[in-house]
Amino acid sequence: MRSLTKMQQLMTFCVIVKGAVDGRNGTVFAYGQTGNGKTYAMQGNGLTSSIPKDGVETEAVDGIIQKIARDLFGHIDSDPAREFLFRVRDLLDDDDNAENQSKGSPSASSKSPKKPK
C-alpha cells in the first residue's frame, strides 16, 4: 500500500472538517509501527517559528492537528452569522468520557457573533 501524498492528506482533512462544520462527527487518528512518525504526523515538529540550530535554520512543520484547527476556524470565521458547537475528546483519557461530560464537564464551544438586523 503506497502512502498518500501531502495534497491527498490535506484533501482528506478538509473533507473531515467540512463534515464537522455541517454537523457530522469526524475522527482522525494515526496508527502504525513504533517509530514510524505517528506523533510527528499529528503534532508536527513542535516549533512555532524558524529557529537557527547549529547555523542551520529549522522550519516549523505543522502537524495534522494544527492544519485541522486552522481549517476549522477558517470555516467559523467565514460565516459569522452561524453558531457552532464543537467537542474535542481524547479517547485515551479516562476522565474525558461521555458520562463525565454529561455531568457538567466543560466542553469547548465557539459561537460566532450574530449579525445585527
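Cβ coordinates come from backbone N, Cα and C, glycine included.
Keep in mind it's a predicted model, so treat the numbers as computed, not measured.
Positions annotated as ATP binding site by TrEMBL: G32, Q33, T34, G35, N36, G37, K38, T39. K38 (ATP binding site) falls within a helix when secondary structure is assigned with DSSP.
Annotation comment: TrEMBL describes 102-111 as compositional bias 'Low complexity'.
What TrEMBL lists as domain 'Kinesin motor' is 1-117.
The region 'Disordered' annotation in TrEMBL covers 95-117.
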### Query
Excluding G32, Q33, T34, G35, N36, G37, K38, T39 themselves, which residues in that chain have a Cβ inside 8 Å of the centre of the Cβ atoms defining the ATP site?
A30
### Task
Rank the binding-site residues Q33, G35, G37, K38 by the number of other Cβ atoms within 10 Å of each Cβ and report the first-ranked residue.
K38
## Note on the structure
Minimal Cβ count within 10 Å, across the binding-site residues T34, N36, points to T34
### Query
Hey, what's the Cβ neighbour count for T39 (ATP binding site) at 10 Å?
12
### Query
What is the average pLDDT across the domain 'Kinesin motor' (1-117)?
73
